[in-house]
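All remarks here apply to the structure that follows.
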Amino acid sequence: MLNLGVLISGTGSNLKAVLDAVAEKRLDARVNVVISNVATAPGLEHARAHGVPTLVIDHKAFPNRAAFDGALVESLRAHEVDWVVLAGFMRVITPVLLEAFPLRIVNIHPSLLPAFPGMHAQKQAFDYGVRIAGCTVHLVDAGTDTGPILAQAAVPVLDTDDEPALRTRILAEEHTLLPRVLQWIAEGRVTVVPAEQGGRARVSVTRGEV
Ligand code: GAR
């Protein structure tokens, strides 16, 4: 069983997907705490509805990113978290958080990385005019959306799409992919192969259903 801490900043629909998967026993995990850096984040309600403890840690109350991350680490440890999930958490994280949970931080990103990292990935993809878009679940490293990729899901971009339509289609895939990958981790099916000199860490996933 995974002990998860989920970090959010907004709507929290991916958090809801994780909480629903736990409740429906599709995901062998417990969400020990949900932390938002935004006090008004609607996603906090999903946590409360599932009886999960919530915390608001406002990044603006700290002098720098490292101090904010230090507060996150303290709270995650206090709740005995062993894997951290970034589910629409819109802050750049520092080595303080990375080193507290080395290769145990999972992020969901709304593009087929390495295309369109950073903010507004769906708009970047739509504006570029790609014909296939999608989402990526990856382990977090020191770069922006650069860590080892665990899984991706693709969706078509239709001629009739506007950017919100594409965003909605991608989001539906996110809701399936994130809990599924967390379950792979829970089953011990994910192995990180350390980087060779100058190379990238790789992930090997023993797949059942993909
Ligand atoms: C999701 O699309 C997620 O992939 C994205 O923010 C949205 C959060 O939605 N994350 C990023 O762009 C991170 N760079 P949610 O709050 O409803 O889960």
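Cβ atoms here come from the backbone N, Cα and C positions, even for glycine.
Please treat TrEMBL annotations as automatic predictions, because they have not gone through curation.
Here is what TrEMBL says about this protein:
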{"type": "ACT_SITE", "residues": "His109", "note": "active site, proton donor"}
{"type": "BINDING", "residues": "Gly12, Ser13, Asn14", "note": "N(1)-(5-phospho-beta-D-ribosyl)glycinamide binding site"}
{"type": "BINDING", "residues": "Arg65, Asn107", "note": "(6R)-10-formyltetrahydrofolate binding site"}
{"type": "DOMAIN", "residues": "5-182", "note": "domain 'Formyl transferase N-terminal'"}
{"type": "SITE", "residues": "Asp145", "note": "site 'Raises pKa of active site His'"}
Conformational class of Gly12 (N(1)-(5-phospho-beta-D-ribosyl)glycinamide binding site) under the three-state DSSP mapping: coil
Cβ-centroid neighbourhood (8 Å) of the N(1)-(5-phospho-beta-D-ribosyl)glycinamide site, Gly12, Ser13, Asn14 excluded: Ile8, Gly10, Thr11, Leu15, Lys16, Ala17, Gly43, His46, Ala87, Gly88, His175
Rounded to the nearest Å - Cα separation of Asn14 (N(1)-(5-phospho-beta-D-ribosyl)glycinamide binding site) and Asn107 ((6R)-10-formyltetrahydrofolate binding site): 11
Least Cβ-crowded entry, counting other Cβ within 10 Å, from the binding-site residues listed as Ser13, Asn14, Asn107: Ser13
Same-chain residues at least 6 apart in sequence whose Cβ lies under 8 Å from His109 (active site, proton donor): Pro117, Ala121, Cys135, Thr136, Val137, His138, Asp145
DSSP-derived structure type at Asn107 ((6R)-10-formyltetrahydrofolate binding site), helix or strand or else coil: strand
Greatest C-beta neighbour count within 10 angstroms, which of the binding-site residues Gly12, Arg65: Gly12
Packing count at Asp145 (site 'Raises pKa of active site His') (other Cβ atoms within 10 Å of its Cβ): 19
Helix, strand or coil at Asp145 (site 'Raises pKa of active site His') [DSSP, three-state]: coil
